[in-house]
Amino acid sequence: MAKVYYEKDVTVNVLKEKKVAIIGYGSQGHAHAQNLRDNGFDVVVGLRKGKSWDKAKEDGFSVYTVAEAAKQADVVMILLPDELQPEVYEAEIAPNLQAGNSLVFAHGFNVHFDQVKPPANVDVFLVAPKGPGHLVRRTFSEGGAVPALFAVYQDATGVATEKALSYADGIGATRAGVLETTFKEETETDLFGEQAVLCGGVTALVKAGFETLVDAGYQPELAYFECLHELKLIVDLMYEGGLENMRYSVSDTAQWGDFVSGPRVVTEDTKKAMGAVLAEIQDGTFARGWIAEHKAGRPNFHATNEKENEHEIEVVGRKLREMMPFVQPRVKAGVK
């Protein structure tokens, strides 16, 4: 079982007298910066010129280029997209790191897969809230918190663990609990969850269910409601109280169908396929493929995205959602 740390375990905040540079001001960046500031930390924001720069200024932060922010900071938290981090790190952060500094991440991908190679004289750790930035900020403002993970990759100063817990405490995570892990475990489980269940697995299951009904002659609108729209109702019940809560809340007919039909859809062969996905994450096959795809300009990424967006379930869904003004996406969908 994971070891969990709480507020009572952070007896001395070793970062309170340090300057923290938040690199990036998106979903996580704005939450980390504001929570740390509210907890008395000295925070600056490092960005390239653009909308995020203006937003951070409006929110009252001193904003600098990434290089300028890194140069003056004791702690550098990189909250940029995975694929952008190596280039920004090499060009703007690495030349400005000093011995004893802390290099911090919210995901271990680039360190674990050797895309970012920190010098031996800095501490390297991650603090990863298990929720989106807006939730990290809102719960903090309400006196609560989102749980987080932390891991130490490199302890150059002898107090990297204390620094990691101090940072987690600064964003409020110790109110809920901070689980200790490793860069390897955080990275591999995160990627597996995305690919086999949360994104890849769910979208494949939803499309397969939709196509099965439509191919059998049922109206696509009904197939959409049954296989995609109502998924939120079930996921919310699971989110609130696990599988037990979901099964308690649905009809007995639905629960019995769960018991007798679920294992026929997700079979032992499915688990073997999941094992193959995990193996490709563990041996670096997935990471190498994604890095190569990004460096090539993402031709397959964009082509697949365009094709998927025109699947019948998407065409039908767009029309049906016009009937439901209460269903609004948090962000406008489009090509990244």
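Glycine too: its Cβ is placed from the backbone N, Cα and C atoms.
Per Swiss-Prot, the features are:
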type: DOMAIN; residues: 2-181; note: domain 'KARI N-terminal Rossmann'
type: BINDING; residues: Tyr25, Gly26, Ser27, Gln28, Arg48, Ser52, Asp82, Glu83, Leu84, Gln85, Gly133; note: NADP(+) binding site
type: ACT_SITE; residues: His107; note: active site
type: DOMAIN; residues: 182-327; note: domain 'KARI C-terminal knotted'
type: BINDING; residues: Asp190, Glu226, Glu230; note: Mg(2+) 2 binding site
type: BINDING; residues: Asp190, Glu194; note: Mg(2+) 1 binding site
type: BINDING; residues: Ser251; note: substrate binding site
Neighbour-count leader, CB within 10 A, binding-site residues: Ser27, Ser251: Ser27
Rounded mean pLDDT for the residues that make up the domain 'KARI N-terminal Rossmann' (2-181): 97
Residue from Tyr25, Asp82, Gly133, Glu226, Ser251 whose C-alpha is spatially nearest that of Glu194 (Mg(2+) 1 binding site), among the binding-site residues: Asp82
Of the recorded positions listed as Tyr25, Asp82, Leu84, His107, Ser251, the one whose CA lies nearest the CA of Glu230 (Mg(2+) 2 binding site): Ser251
Entry from the recorded positions list Arg48, His107 having the most other CB atoms no farther than 10 A: His107
The domain 'KARI C-terminal knotted' (182-327): DSSP-derived helix, strand, coil residue counts: 122 helix, 0 strand, 24 coil
Site of maximum Cβ density within 10 Å, from binding-site residues Glu226, Glu230: Glu226
When distances run from the Cα of Arg48 (NADP(+) binding site) to each of the recorded positions His107, Glu226, Ser251, the nearest one: His107
Neighbour tally for Gly133 (NADP(+) binding site), based on other Cβ positions within 10 Å of its Cβ: 21
Intrachain C-beta neighbours of Asp190 (Mg(2+) 2 binding site), sequence separation six or more, cut-off 8 angstroms: His107, Gly108, Phe109
